[in-house]
Amino acid sequence: MQVPSGYGLHPQSYTAPSGHYSQGPEKMTSLPLDSQCDDYYSGLYRVPTQNVVTPNTASPQPGAQQMYGSVPPAPHVVGSTLGSFQAISHPSPLPPPPSQQYHQQQSLSGYSTFAWSASGLPSTQDNLIQNHTSLATANNPTNPVADTLSCSVMQNVQPPKSSPVVSAVLSGASSTRTPAASRPVEPLASVARPSELLQQKGMQYGEYVNNQASSAPTPLSSTSDDEEEEEEDEEAGVDSSSTTSSASPMPNSYDALEGGSYPDMLSSSASSPAPDPAPAPAPAPAAPQPSKMAKPFGYGYPALQPGYQNAAAPLNSGVPPGSPAYSGFQQYAQQYPGMNQLSSSLGGLSLQSSSQPESLRPVNLTQERNILPMTPVWAPVPNLNLDLKKLNCSPDSFRCTLTNIPQTQALLNKAKLPLGLLLHPFRDLTQLPVITSNTIVRCRSCRTYINPFVSFIDQRRWKCNLCYRVNDVPEEFMYNPLTRSYGEPHKRPEVQNSTVEFIASSDYMLRPPQPAVYLFVLDVSHNAVEAGYLTILCQSLLENLDKLPGDSRTRIGFMTFDSTIHFYNLQEGLSQPQMLIVSDIDDVFLPTPDSLLVNLYESKELIKDLLNALPNMFTNTRETHSALGPALQAAFKLMSPTGGRVSVFQTQLPSLGAGLLQSREDPNQRSSTKVVQHLGPATDFYKKLALDCSGQQTAVDLFLLSSQYSDLASLACMSKYSAGCIYYYPSFHYTHNPSQAEKLQKDLKRYLTRKIGFEAVMRIRCTKGLSMHTFHGNFFVRSTDLLSLANINPDAGFAVQLSIEESLTDTSLVCFQTALLYTSSKGERRIRVHTLCLPVVSALADVYAGADVQASICLLANMAVDRSISSSLSDARDALVNAVVDSLSAYGSTVSNLQHSGLIAPSSLKLFPLYVLALLKQKAFRTGTSTRLDDRVYAMCQIKCQPLVHLMKMIHPNLYRIDRLTDEGAIHVNDRVVPQPPLQKLSAEKLTRDGAFLMDCGSVFYIWIGKSCDSNFIEDVLGYPNFASIPQKMTHLPELDTLSSERARSFITWLRDNRPLNPILHVVKDESPAKTEFFQHLIEDRTEAAFSYYEFLLHIQQQICK
């Protein structure tokens, strides 16, 4: 295998934290490493002693925390009780299920006293929220684990005698044996041990606890340690732009590569400064920083109305108040109109000064029965002037839970609403400005990319909208390539679009851009062969082989495993593929490292031969064991030199070698209303391996096709911490469950052909005064605000919680910017930048008016998943209920002057109780209803990584009546007429025996057919003469040449478009056994274990009145 330039044997370039650390103010204490995986590491890893860096910690002293984290959460104290959010003053024990309440309706006592946290109590070590306030030290001199590991060096010389490598030709009955292969003379170098993260009690989904340790992996860096001091110079402020320069040093840290945030200020876009890979250089004299308390420049948009202008210069702006720049500020006001001009409409930012907006209209929830609108709920539009509205980022990419940002944390605490961002940074876009330029203009201080919301002081200077620093405009930026004009920097595409993509220069590369590399690791045990997934996978690969994203360098490889591991030599020149079997799973090695990952185009015929042979190769196997852990160790070794994507297909519990698991599910507890156990992993093996993979730019995607419990809570860690994806197909069988087989086939088509980004990092920046303290999604936290994404795909969503550290009284707007630096499948280094602008308000009513209820519920769902794992499911449920009680109570006591007896909410929050009830009845959080443990865990995984638009359908499905579709109000999509039936509320009272209803649950569609449904509809759409002739298991609508059929199929096709997962369609007959699952989604109705919507409202009202 010819290794491309820059991809040799990787150096020992990153160090491992020496254990887990408890986090306290100004200190870090080493905790003993759990020894469960010593066997996994002892023979494989060496801990290097170089490159040890100790970052400065800046952990704020915890005070009394307010709801949703007014300050970064409290540090860990061993043995403390749970706490991550402020306690709510009212008690709220969970009420008994309605089945026990028929005579207790007047005595509902509410939910337990747990809110999002206990006030004033330090968090447990499980708690995610605190984990971004201090960083672990890498060079613990007394670490016994490091000492032990440094002694156990892998001997890559000869394979042990008990590890034969059997070579078999994959053809017919041929079984020629060859002598045991010897290991290569120059094996892969030992990989540095990754972050040694202790398996914690109740390990949680977002448990990026010390992922952000100071010695985060520096993957495959080709730079020396001496260059570290220079790299920050380049990124921190020597120049206001990043230019291609042969003299610029090659950085060896992604943190420096994308550019740190606020290097000289404590108030940053994160709760603590990012650790510098090397001592920070002295600030350049030509680029002084504004002081912490400096007044902002007033956002410097020309033609600001007097109330928003700041006449005084910032203290350290670098421009003397008496200089011509200040007179020039007004002089250029008319010269730069457009996006940099805030019209007088900003004067209406205080919504109370004008007529009351619709979003503040009081709604009596207990009296208004039809609360659900008939049309989809759209994201609220921020209250900005028209020019800024046009320029703002699409809510599909970037969305905030509050479209009016409170001036202070105290105001946010009064509102009792969560503050955070929902991101979908890599989504498919039909229009995306792509900018190729030698100069990428960025702020010299905070490294913000120039965007539509900066202000130009004159032609030669612009002011950052995040840190208010004044920067010079580079000469090249004066030329506009679109208009071919000079001297109009404010008309450049970067300043006219809030979402742009830059083609990055070599300054943004740690190494030459990697090729697209795909490795498929396939379970071929008896269980897997019986399920029949291999036929579907191999057929999908054959159909889409030429559509895999990549270029002429694309590489591909295959491994299979049962109780042994099988490699496949596909080297160009062989007449047929060659199988190499390694039976020693305790010390896995690569038999022929140079021929296992091959060029897709050079070896295409061999690859096709293998895919045609694979489904039948193991037909008669009797192997029931699964050595998944050793197979993953081998995959890691194989992928480490380049990075890429590993796709793992697994059908059962791993039963051999490292990472083996035992069944933990008690089927008798599936309907429990008490404690739900085993939501966290049983071992930290898969997490450690994922961190290794992330350090070498490798993501692991898991396809779990299981007919029995497989401990997804443990297996999912391989994807969560390596920025991978998780696909789950319960009860999969290619003949017994054809709908799942079809779903796998369609999901694979999307998975194999969608765009992909490699070796990515993402940083989120925000206006000075705001800070981020918790991230949600599948990633590795490299530093306090830098997310490492070995792969990025267009279906991945992320969330982040925010707090207000400093008052925002000096500015009228705040901005958020996310920058995603990645390598495209074509080998281009690119940066996708999204910028969101929101107004700042000082009145509590305005905060409620700008609430985005869907973004809020999605953020709360992410927080509840973490709470379920770090504490308990019941605590998470209580906290969700208390979120509604607190916000509506605060609104009623401070904003609403109405003395109604009912439950009053502002129109912006009228759906809040409904959505929370839907969340409580969702598989992730429901109790009292039979729920398989793997199903529950998968639902939690989906909540943590789904973009908002898809997550909302999962939380609150959409119900439509489809037996009366018309063209009235229809939309036209690609020469197709798509009907738009009104939404129905999720209640059986909306179902009629003479109708047909479609429920869109995101990953599944149900069509419910009433017993007295019109036979014409049944015949025209379903193709059967009457209700009785409809089969029990119908999963397709036939293509019939009727108007009703065309309308129904057009509507369903439109709903299916742009879904990350292909929804299964189930036709459900009234009174059939299959209707149970359908009726479970009617969340407004009462069940034996849960309230109806009206009962839930009464319960909320009762809690508020206490």
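Backbone N, Cα and C atoms are what each Cβ position is placed from, and that goes for glycine too.
TrEMBL labels come from automatic prediction, so no person has curated them.
Per TrEMBL, the feature region 'Disordered' maps to 1-31 (among others).
According to TrEMBL, the feature region 'Disordered' maps to 85-104 (among others).
For 210-291 (among others), the entry in TrEMBL reads region 'Disordered'.
Annotation source TrEMBL lists compositional bias 'Low complexity' at 213-223.
The compositional bias 'Acidic residues' annotation in TrEMBL covers 224-237.
Residues annotated as compositional bias 'Pro residues' in TrEMBL: 274-288.
The feature domain 'Sec23/Sec24 trunk' is assigned by TrEMBL to 513-752.
Among the features that TrEMBL reports, domain 'Sec23/Sec24 beta-sandwich' is placed at 757-841.
TrEMBL lists 852-952 with the feature domain 'Sec23/Sec24 helical'. With DSSP classes pooled into helix, strand and coil, the tally for the domain 'Sec23/Sec24 helical' (852-952) is 70 helix, 3 strand, 28 coil.
Positions annotated as domain 'Gelsolin-like' by TrEMBL: 979-1052.
Shown for the domain 'Sec23/Sec24 beta-sandwich' (757-841): DSSP residue counts in helix, strand and coil, namely 0 helix, 61 strand, 24 coil. For the domain 'Sec23/Sec24 helical' (852-952), the partner stretch with the most Cβ pairs below 8 Å, chosen from 513-752, 757-841, 979-1052, is 513-752. The DSSP breakdown of the domain 'Gelsolin-like' (979-1052) into helical (H, G, I), extended (E, B) and coil residues amounts to 24 helix, 14 strand, 36 coil. Per-residue pLDDT, averaged over the domain 'Sec23/Sec24 trunk' (513-752), rounds to 92.
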